[in-house]
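Notes to accompany the following structure.
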Amino acid sequence: MLNADLKQQLKQLLELMEGNVEFVASLGSDEKSKELKELLTEISDMSPRLSLSEKSLKRTPSFSVNRPGEETGVTFAGIPLGHEFNSLVLAILQVSGRAPKEKQSIIDQIKNLEGSFHFETFISLTCQKCPDVVQALNLMSVINPNITHSMIDGAVFREESENIMAVPAVFLNGEEFGNGRMTIQDILSKLGSTADASEFENKEPYDVLIVGGGPASGSAAIYTARKGLRTGIVADRIGGQVNDTAGIENFITVKETTGSEFSSNLAAHIDQYDIDAMTGIRATDIEKTDEAIKVTLENGAVLESKTVIIATGAGWRKLNIPGEEQLINKGVAFCPHCDGPLFENKDVAVIGGGNSGVEAAIDLAGIVNHVTLFEFASELKADNVLQDRLRSLSNVDIKTNAKTTEVVGEDHVTGIRYEDMSTGEEHLLNLDGIFVQIGLLPNTSWLKDAVELNERGEIVIDCNNNTNVPGIFAAGDVTDQKNKQIIISMGAGANAALNAFDYIIRN
């Protein structure tokens, strides 16, 4: 089931195993069970440290990744290929005794959790944000014997996932726990375990502190580090919103990559320099004093720096119409690559006629029964090549001059109301899912009145990426820069870094 290149890479990774690992599989006579057995046999044959046995488990087909004679609580229900293959490889290494890369403080938090925690995560193999959650919960299961975790492929266990309309969907002890991308710190926080602020107490002031972890942040950090400046990053995750991007084909010199690969490469590049990257933590306030610029973190710690570059990016913009908020993850979705497979053979709408919306409609048309694309303006704004492709599809309708007014449904989406602005008539369209693709909302709510914002909530900057506060710079999608592109954000990050360097020299 694995191609030659992947087998070669896997064989090298399996050499990092530090102990024996046993696959315990629950298999039937169905096709998926046969595929799973083929995969596990193929992997087992690649290392003398791996073995395969069979046993009846809660779900079939599924398998646990155990140490000989010891259950670890790590289970995969389905066939973990696609984006989840890395989750399987990582689980094998960690169960074998390979030390995780998490900070010791995080490991201690996991060890100190009291109680029994049985997690189940519904995923799709095309979901790019699912592996983060799966890998976090698998690691927690390996570290703490009171924690178990099962990854469940919704495409294989359709009855169980019938009412799952957004992935990853995490359940704890049978109750809904959370949806969407979560870091291991997010999970610990939801369990009531707070991060220790003591590790930040003795940090020396920075020359440049960058808030955010996306392309602008990474570019800025590398540029300032190369200038010999003491550089820090405070971010929820390296890569930012790019982690949720499927294909990237317009980053010059790289013909094609994915958001996950891009983010991984960005993190590796940052690691090559003396950059203090503090991930899994968010900033909650910023203040300029006579002595320094102070950034307060969500754990109460305060970091000081001569300059700060704000590069917190942007998140999905919502419709802000009745019914939307309460039906998010219950039919209202923002990621067609993640959640599209959950709407197979169903009717959906895409809101937004720009490149993102049209690309989403094209992708979904190959999965769902029917797509209706809504655009507020009189014509689509997407590139012509995308519009031509969209109009060639037989299961897509396009509605322009359409103002969406209400998401309809109680426990899940059943329809959408919209106004035809050319006639004033209101209509109800029955459907199962709505994918919102109307642009981005800057992550600036934490700034309060610290710097000047425009009417859209974006940070106002000049050509040197200065804000209205000397020493505080901003770059990327969080700013009022018109075009929001990865390559433009990276250029903006570099520009902000060079001007921060110049500011330090002159002050």
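Every residue gets a Cβ built from N, Cα and C, even glycine.
Features as listed in Swiss-Prot:
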- 207-222, 467-477: FAD binding site (BINDING)
- 347-361: NAD(+) binding site (BINDING)
- Cys335-Cys338: disulfide bond (DISULFID)
Fewest other Cβ within 10 angstroms of its own Cβ, chosen from the binding-site residues Gly353, Gly357, Gly471: Gly471
Which of Ser219, Thr467, all binding-site residues, has a Cβ with the fewest other Cβ atoms inside 10 Å: Thr467
Whole-number Å value for how far Gly471 (FAD binding site) lies from Gly357 (NAD(+) binding site) (Cα to Cα): 38
Rounded Cα separation (Å) that holds between Gly471 (FAD binding site) and Asn355 (NAD(+) binding site): 36
Most crowded position, judged by CB atoms within 10 A, among Cys335, Ala349, Ile351, Ala361 as recorded positions: Ala361
Count of other CB atoms lying within 10 Å of the CB belonging to Ala475 (FAD binding site): 34
Candidates Asp207, Asp347, Glu359: member of the binding-site residues with the richest Cβ shell (10 Å): Glu359
Most Cβ neighbours inside 10 Å, all chains, among the recorded positions Val211, Cys338, Asn355: Val211
